[in-house]
Amino acid sequence: MKRNSLSSFHVSLWLLFVMLQAVESAKGKYAHMLFNELFEDYSNALRPVEDTDKVLNVTLQITLSQIKDMDERNQILTAYLWIRQSWYDAYLKWDKDKYDGLDSIRIPSNLVWRPDIVLYNKADDDFSEPVNTNVVLRYDGKITWDAPAITKSSCVVDVSYFPFDSQQCNLTFGSWTYNGNQVDIINSLDSGDLSDFVEDVEWEIHGMPAVKNVITYGCCSEPYPDVTFTLILKRKSSFYIFNLLLPCILISFLAPLGFYLPADSGEKVSLGVTVLLALTVFQLMVAEIMPPSENVPLIGKYYIATMTMITASTALTIIIMNVHHCGSEAKPVPQWARVVILDYMSKIFFVYDVGENCTSPQREKEQEQRLEGGDMCQEGDREGRSLLSNRNGVSDLKEKRNGNLNKSCGVHGENVRENVNCCSCYKMLIKNIEYIANCVRDHKANRAKGIEWKKVAKVMDRFFMWIFFIMVFFMSVLVIGKAA
């Protein structure tokens, strides 16, 4: 019983397979018959309308599959498109009931008439024919032609806000020889189809609206319709931020630090020149990408502003170093600079004399004065040291010594020769002390003058350091703010 059921099942499968083969053979037979009858007297050279005054409507649909390249320098957009065109051919119709319900066939596209719709703003050197794919022919005469195409179109690129820019590239399709009274183009959709778009690593697609235009050219009086698809692109700026913008910002913050370097290090000017050369390399990289247009990109403006700032900082550094190395031969610090720079600005920017700090500057001054007073102790007695601390000390000491000498000489008149020798020794000693005191006072004055000029240079360094830090910060915020 079980064996009989299995054998009947096998027979049923064999009969089903035979019937399917018979149906396929019948459809293939009718397809050949239909093809021979349709194209017996058919010509693909003429527009397929029964009335030559009638307009042939062609429905156009564009599907964007991929953006292959955006060449900003040459202003060329390379895209991979699927172009679908459909129209009705009045001479390719049949009754499907006569052909066993056969309602459509697929034949090579070069056998039927095709509209000569081309990309108007094509920027490709290759003028080859469209891809010869098959068309789908329906029994009511409707022909659908799907053809892939890699198009290179001209695109007006605006790089004013690079790398935070958006671009709009037009793809204009229209008939090359037929006017609007012969072939009319109809939009299948209000925009291009983006359902099968492959995400691009550099660009985001924000839409592809389609607009039909009817233009009358100067050469002809007939209207020529076209359909323009506007591809709205937004650049993904992460790559350029991490490879061009962020290194520039970090390098820019090194420029103000040149003012913080000690003047005796000998590296202040070298740092500015090195930073300037580094920014020049980045500027050349941007120039190779961008087209040679009058619109300077945003990142290029940032580079130029930063390079100008670094050039100014290097020039100021050279001037400040000259101020720092003013010695005893230089003129004293002017009174206005003493008041503005040494009295006020030094407190604002926390600049103190050598050996001072913000907690105990007065104690350090007193210690330095004690050390200087100890040196003078070796040149005279206790009374002389106290008198040398002011401008009239030497003269007071001289008058006092002279009085004592005169008094001594008057009391001991019998030892005149000895007193004369004693007075001469005292006078020579006073003269030597006076000479030493003048040298010390001149040395202190020259040293104080040099220290004052060094302090002026240091205050100017701190002032310009903060000024340039603020400039770099605001420029960086302004550029990064464009990304929002």
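Glycine residues also receive a Cβ, built from the backbone N, Cα and C atoms like all the rest.
Feature list (source: TrEMBL):
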- 1-25: signal peptide (SIGNAL)
- 33-236: domain 'Neurotransmitter-gated ion-channel ligand-binding' (DOMAIN)
- 239-262: transmembrane segment (TRANSMEM)
- 269-290: transmembrane segment (TRANSMEM)
- 302-323: transmembrane segment (TRANSMEM)
- 361-389: region 'Disordered' (REGION)
- 362-385: compositional bias 'Basic and acidic residues' (COMPBIAS)
- 463-481: transmembrane segment (TRANSMEM)
What same-chain residues lie close to the transmembrane segment (463-481): Cβ under 8 Å, and 6 or more beyond its ends? 245, 249, 252-253, 255-257, 259-260, 298-299, 302, 305-306, 309, 313, 316, 320, 345, 349
Give the nonlocal contacts of the transmembrane segment (239-262) in its own chain as ranges (CB under 8 Å, at least six residues past its ends). 162-163, 202, 268-269, 271-272, 275, 278-279, 282, 285-286, 299, 302-303, 306, 309-310, 313-314, 316-317, 320, 461-462, 464-466, 468-469, 472, 475-476, 479-480, 483
Across the domain 'Neurotransmitter-gated ion-channel ligand-binding' (33-236), average pLDDT on the 0 to 100 scale: 90
